[in-house]
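Novice: Before I ask anything, here is the structure I am working with.
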């Protein structure tokens, strides 16, 4: 072997050796965490969720374990439906493994250390193996504190009366220092309500359906999670927006909608007037599509038929307090309708031309037939002149 070929052969050998050490597409890969659970502090009655995301080849198995406070070595496995069905475990496996642990209606006994374990070791469930070697772990500490006691006024139902309404909250007991408090409606903070007070009031001077919803008095503390209480203000639906009429051409699509205020959110229903009576729409043709979103509903009709779809449509909103209905008139024109203005103009032009032609024919005088040249007085005068000249001679 020549000296020049020796380094090349050596490099090729090293490349083959190093290539054999690199993991291929189907090579095994140890489990590793992409996302680990995070520690939280909660109040009794609240809920928490812990997330765990792991990778590896093959996809690692995920388990959840729990240990009480100050007993970190006494872990017990958590199963879906445990603790009187307050525990929910949802796990999905694909290119990686993802699991969510959720516990609701928390009690003080739910405090402790929660552990996400993952492993793709073939012997991971062998009792003779040391779990600390075959499983990787990620821990989170959940601290559950006693929720402060908040006394609230009763729920309110808005009727036709416009008498003022006052909502009240009173923080009667708390082991933590209050920072500030405020009111929210449907999750949005109400302006000019933030203050440092345990007794809170919110006044609605002229209550209407649009004032209904979920009101919360929210308390923030120095070293504890915020606490809140709910007061429901209810009202019958009041439909505030809809189309009075909809004009479309045959073959087009039509969309009718209704918006309402009121709480609780209503159940929506669409009906069409048949023989003077509103009847619920039956989607036998498959051309009707209804979308309901809390205080909004939408009726879509595709490929309008001039013989079936025109008429009066009604949207109805109903909740536990009352109901409301409004109507929309749908008109469907023939697909030739866009040509009607053009045809009308063309007809007017034709009629105008005919009138002009007839008028011109009647206005023209009768034509005189040709009768040859006519004799004039000048000819006679010439004859008379000649006669005089002869007489003189």
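Cβ atoms are placed via backbone N, Cα and C, with glycine included.
Given the structure is predicted, the values throughout are model-derived calculations rather than measurements.
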Novice: May I ask you to indicate which of 339-359, 360-380 is given in Swiss-Prot as transmembrane segment?
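Specialist: Result: 339-359 is the stretch Swiss-Prot calls transmembrane segment.
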Novice: To the nearest Å, how far is the Cα of residue 217 (disulfide bond) from the Cα of residue 283 (N-linked glycosylation site)?
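Specialist: About 45 Å separates the two Cα atoms.
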Novice: Restricting the comparison to the recorded positions 116, 258, 295, which residue's C-alpha is spatially nearest the C-alpha of residue 170 (N-linked glycosylation site)?
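Specialist: Smallest Cα separation from residue 170 (N-linked glycosylation site) among 116, 258, 295: 295.
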Novice: Below 8 angstroms Cβ to Cβ, which residues of this chain, lying six or more residues outside the region 'Narpin' (149-161), approach it?
Specialist: 167-174, 207-209, 211-212, 217, 219, 227-235, 321
Novice: Measuring CB to CB from residue 315 (disulfide bond), give everything in the same chain under 8 Å that is also at least six residues away in sequence.
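Specialist: For residue 315 (disulfide bond), the qualifying residues are 239, 242, 256, 257, 258, 268, 269, 270, 297, 299, 325, 326, 328.
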Novice: Show which residues of the chain containing residue 116 (disulfide bond), separated from it by at least 6 in sequence, have their CB under 8 Å from its CB.
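Specialist: Correct list: 33, 36, 37, 50, 52, 62, 63, 64, 99, 101, 137, 138, 139.
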Novice: So of all those glycosylation sites, 196, 283, 295, 316, which one's Cα sits nearest to residue 228 (N-linked glycosylation site)?
Specialist: 196
Novice: If one measures from the C-alpha of residue 295 (N-linked glycosylation site) to the C-alpha of residue 283 (N-linked glycosylation site), what distance in angstrom results, rounded to a whole number?
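Specialist: Approximately 23 Å lies between the Cα of residue 295 (N-linked glycosylation site) and that of residue 283 (N-linked glycosylation site).
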